[in-house]
Amino acid sequence: MIQIPRGTQDILPGESYKWQIIEDRLREIAANYNYHELRTPIFEATELFERGVGGSTDIVNKEMYTFEDKGGRSMTLRPEGTAPVVRSYIENKMQHDVNQPIKVFYKEPMFRYERRQKGRYRQFVQFGIEAIGVENPLIDVEVLSMLMHIYQSFGLKNLKLYINSIGDHESRKAYNDALVEHFRPRIDEFCSDCQNRINTNPMRILDCKKDRDHELIKNAPVIYNFLNDESKEYFETVKEKLTEIGIDYEVDYNLVRGLDYYTHTAFELMSDAEGFGAITTLSGGGRYNGLLELLDGPKETGIGFGMSIERLLLALEAEGIELEQPEGIGLYVCTLDDNSFNKAGTLLHELRTSGISADMDYKQRKLKAQMKDADRKRAQFVIVLGEQEFETGKVELKNMKNGETQNVQLDELVNYLED
Ligand code: HAM
């Protein structure tokens, strides 16, 4: 039997309403903050991620679904949304748009060849936002407040926001030099990835999953001490403004994030709900001041976050929060014999084209089974069609919520239900 690929999932019809509720909410909140949807292709030139996300990252080194197309070009299924948005920004010359900053959101499948684990999928739906074109602590705060607003709007309580500053390029460089000095003498005690990282991006060593307990990581220099005055001031303002609007956070000086493009503000939102599983990061993001130039774009800066719907669902489950199922169909038509069964199709057609959701039992089961089916479909009203109904031209409309019944003319049924 052919099976679904590892790390992917079918969203079954009985579950898809949860996704729809979340997606609607995300769109609604994005609109509140004036972010507009940007859709980019599912695959991009591999080079976009190699340069944009960074050659020293796990995403680029280990996790990309890369293939050669029939024209011999190397293509990659998008592993994240920021680099494609920036590519589109540059290509469409959005820096000349009258609306600045450019504020976009996306909600699309992403692909990463990751080890299978709870909360870690090879295809997942990432919702993300990006604000490009303004460098001001207030926009960083806007992004963070929207992030918190999303999770809080679902009633989640066990949320912990960690923030850090990676500083500007100058600060980042000074810090990287200090890390090299710190790790170099004993780098052979680290995994082979870290032995490469010391040359390509020493900050990534701090984020190593294998070596995380090494004493040198625990005593590593702290980035805050390498921030220049400008970077410190930027960070202080972000923190002040967050406090001003009542957003709780904790500073984590070891937070460097898994992608190379971050500068200044970097953050992760975690769940500390019991039973969440090992992967507790709900969302991550930050500011990327050099990314546009790195991709041959204008000297503009951006900030954003990404979050998967899969992990949001896990957080809801861990906190016992249920999403309310939408209402069922408007009317269920039961039929008693062949004649009414054959005529029911016409009635259904009329109902549906008038905007009333309706269904019937195509299997012609017994009335009791049909009533059960109506219940399962959470029908708001039920009618039973038989010889008598066609003779008198009247049906008994049963309200399934309160059990009340009412006699209605068959040819008035559509009008009645429309009201
Ligand atoms: P990221 O930290 O790689 O950042 O991913 C962001 C979020 O995507 C994670 O916090 C998680 O919710 C979700 N995610 C990542 N990998 C998986 C997976 N295998 N299964 C399920 N969910 C996953 C980025 O992607 C950046 N582009 C975020 C960003 C936007 N930074 C600035 N703007």
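Cβ coordinates are placed from backbone N, Cα and C, and glycine is handled just like the others.
Because TrEMBL annotations are produced automatically, they should be read as predictions rather than curated entries.
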## Note on the structure
Listed by TrEMBL with Glu80, Gly81, Thr82, Gln126, Glu130, Arg257, Tyr261, Tyr262 as binding L-histidine, from among Arg112, Arg115, Arg116, Arg212, is Arg112
### Summary
Note: in the chain of Glu80 (L-histidine binding site), residues six or more apart in sequence with C-beta under 8 angstroms of its C-beta are Phe49, Val53, Ile59, Met110, Gln126, Gly128, Leu259, Gly306
### Summary
Distance filter, Cβ under 6 Å of ligand 1; input binding-site residues Glu80, Thr82, Gln126, Tyr262; output Glu80, Thr82, Gln126
### Message
With the cut-off set at 10 Å between Cβ atoms, which of these binding-site residues ends up with the most neighbours? Options: Thr82, Gln126.
### Response
Thr82
### Task
List the same-chain residues at least 6 positions away in sequence whose Cβ sits under 8 Å from the Cβ of Tyr262 (L-histidine binding site), in sequence order, or say none.
Ile166, Val256, Gly286, Arg287, Tyr288
### Query
What three-state class does DSSP give Thr82 (L-histidine binding site)?
helix
### Query
In the predicted model, what is the mean pLDDT computed over the domain 'Aminoacyl-transfer RNA synthetases class-II family profile' (22-326)?
95
### Summary
DSSP says Tyr262 (L-histidine binding site), in three-state terms, is coil
